[in-house]
Amino acid sequence: MVLQSLLAVAFLLVGANGFGIVLTGKSPSWMSASLNPLSESNLDGISTIPKNGMTPQKIDLSARFVAISVLADAAAAGTFATRELEESPYFQLLDSRDRAFTRLLVATVERRIGQIDNVLECCIEKPNRGKHVHFIRATLRTGVAQLLFLHTPPFAAIKETVQVLRMYPKKPPIPEPIIKFVNGVLRKLSRPADTESDGSSEMLGEKLLREKTSPQDNISPWLLDQWRDDWGEETTELICSEVMPSDNASMTARIDLSTKFSLAAATRMKDYTEEIMSLMESLGGDSILLPQFSIRVGSSLKGDVKLWPGYEEGAWWVQDSSSTLPALVLSSAIRDKYPQSDLSELHVVDMCSAPGGKASQLLSVGFGHVTAIEANTRRSRILNENLKRLGLLEKCQVVVDEGQNWVPSRLVHGVLVDVPCSATGTGARRPDVFRRDPDLKELIKIQRTLANHCADTILGKGGIMVYATCSLLREESEDQIRTLIERGNVETLPICPHEVPGFEDAIDEHGWLRVLPGVLEGDLCSTDGFFVARLVRK
């Protein structure tokens with residue numbers, strides 16, 4: 001039952017949300033080298049990757065082989081393992097149960113990679129180098145993940161994982177002494193450490209995990225230091241406890257859905273309670289309604305989100321509850337400013353729009369002129385696809401261009417700019433962000449350029465601007481707003497408690513919203529970190 005629950009959680013965390021996984025940064029001392037085991041040139045001993053539209057042949061693969069291969073591939077290339085996983089032709093050949101287990105293995109290794117490496121360093125004295133290093137590293141990590149976090153029986157965790165080394169897809173094969181070495185390390189970690197007075201014992205790996213590691217080992221030291229500087233030690237502990245709990249089994253899946261009724265209900269434009277409750281029932285009896293009228297899906301609803309009730313009909317879209325706040329406070333302010341105007345007459349802009357959740361909110365509430373701007377061509381295709389599924393594409397002007405280059409023919413009534421950022425607020429769903437070393441200077445420059453352009457060139461006098469980030473860093477958020485206000489052409493339009501049901505305690509002394517994971521009470525304790533400031537053009 002524990003394994004089944006973990007499989008469900010892994011699918012929801014990884015498969016439904018599609019977050020990227022990356023193995024980057026400094027390698028542990030016990031491994032270093034370069035290999036790309038699933039690159040086309042390395043497939044000498046295994047069925048072919050499909051070419052020219054051909055369908056790959058059915059081959060005998062295991063979940064562990066696919067997980068280890070993709071993890072090794074991503075580590076060598078510095079790419080996102082989950083993206084590689086979903087695009088792997090080998091992954092598509094697995095049945096649904098094995099695909100779920102593969103996702104679980106990849107997600108667990110990435111989420112716990114710091115602790116896993118620390119445990120391994122306690123057992124491996126000499127670093128291993130050579131052409132097989134990434135595949136060996138991924139095998140060891142996957143074995144430890146099963147033993148210590150997924151609680152897989154040691155016999156299965158070790159035997160089946162070590163066997164993957166004999167399936168290595170490049171010549172020459174991995175030498176037998178290396179295979180025996182990996183087997184010995186995993187067996188050592190699975191042996192009893194000490195026998196307690198009651199006769200019980202824990203594995204050596206469990207003892208090392210408890211005594212030599214911390215969940216914070218999975219987060220880059222620079223990021224932890226910055227959180228402590230920004231929020232203090234106590235709040236940093238709350239954040240870490242939420243995004244990186246001590247026990248993998250306590251990780252709960254979190255998928256929030258926005259509906260075409262949510263924003264109108266939250267802004268009290270109309271009572272859509274009956275429609276939302278009916279949709280909740282179709283999504284499972286354990287779904288819950290969040291204070292700002294998002295739906296949090298319960299654990300009874302599993303599988304591919306595209307197969308869930310209402311998806312094809314465009315009744316909802318996946319959007320974290322925190323991510324709904326920028327459009328919520330923008331809509332609320334514009335309605336207050338233009339009480340006699342029909343929203344269909346007003347023009348609002350959604351900068352950096354993909355994948356389209358905020359634009360969909362604005363369209364669903366009745367704005368007649370919505371311009372969605374997205375610079376990335378691939379992401380703009382996703383934006384178009386999502387708007388089309390929701391039946392909103394014809395109502396929206398999609399512009400593929402750099403936001404700072406776009407100038408409207410007439411100044412607009414409102415602009416929402418959710419700027420590119422470190423995304424550190426999304427780490428509970430995308431643990432790779434905790435291990436990145438982003439170019440903050442470049443990000444801050446882009447953020448400032450976009451914000452200044454929106455305030456100077458896009459907004460008319462009295463127009464409303466909402467600046468947002470999914471970052472847990474003041475430097476990308478509060479500090480940027482102070483700099484923007486100091487320029488003199490905008491001022492804060494404070495966010496009021498009644499505008500953000502459930503998030504009232506996140507409003508700071510400036511009237512800005514600062515949502516930190518693990519800090520709010522109730523269901524909203526578990527939500528993405530977000531910052532929202534609302535400004536008015538002087």
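Including glycine, each Cβ sits where the backbone N, Cα and C put it.
The active site, nucleophile annotation in TrEMBL covers Cys470. Marked as S-adenosyl-L-methionine binding site by TrEMBL: Cys352, Ser353, Ala354, Pro355, Gly356, Gly357, Lys358, Glu374, Asp418. Here TrEMBL flags 243-538 as domain 'SAM-dependent MTase RsmB/NOP-type'. The signal peptide feature in TrEMBL is assigned to 1-18.
Among the binding-site residues Cys352, Ala354, Gly356, Lys358, Asp418, the ones whose Cα sits within 10 Å of the Cα of Cys470 (active site, nucleophile) are Asp418.
Each of Asp350, Ala359, Ala372, Arg379, Leu383 belongs to the same chain as Cys352, Ser353, Ala354, Pro355, Gly356, Gly357, Lys358, Glu374, Asp418, is absent from that list, and has a C-beta within 8 angstroms of the C-beta centroid marking the S-adenosyl-L-methionine site. Residues within less than 8 Å, Cβ to Cβ, of Ala354 (S-adenosyl-L-methionine binding site) and separated from it by at least 6 positions along the same chain comprise Glu374, Asn376, Arg379, Ser380, Ile382, Leu383. Ranking the recorded positions Cys352, Cys470 by C-beta neighbours within 10 Å puts Cys470 at the top. Sequence-distant neighbours of Gly356 (S-adenosyl-L-methionine binding site) (same chain, six or more apart, CB under 8 Å from its CB) are Trp317, Ala372, Ile382, Leu383, Asn386, Leu387, listed in sequence order.
Here S-adenosyl-L-methionine is bound by Cys352, Ser353, Ala354, Pro355, Gly356, Gly357, Lys358, Glu374, Asp418 per the record. The longest Cα to Cα distance in that group is 13 Å. Within the same chain, residues at least six positions away from Asp418 (S-adenosyl-L-methionine binding site) with a Cβ under 8 Å of its Cβ are Pro326, Asp350, Met351, Cys352, Lys358, Ala468, Thr469, Cys470.
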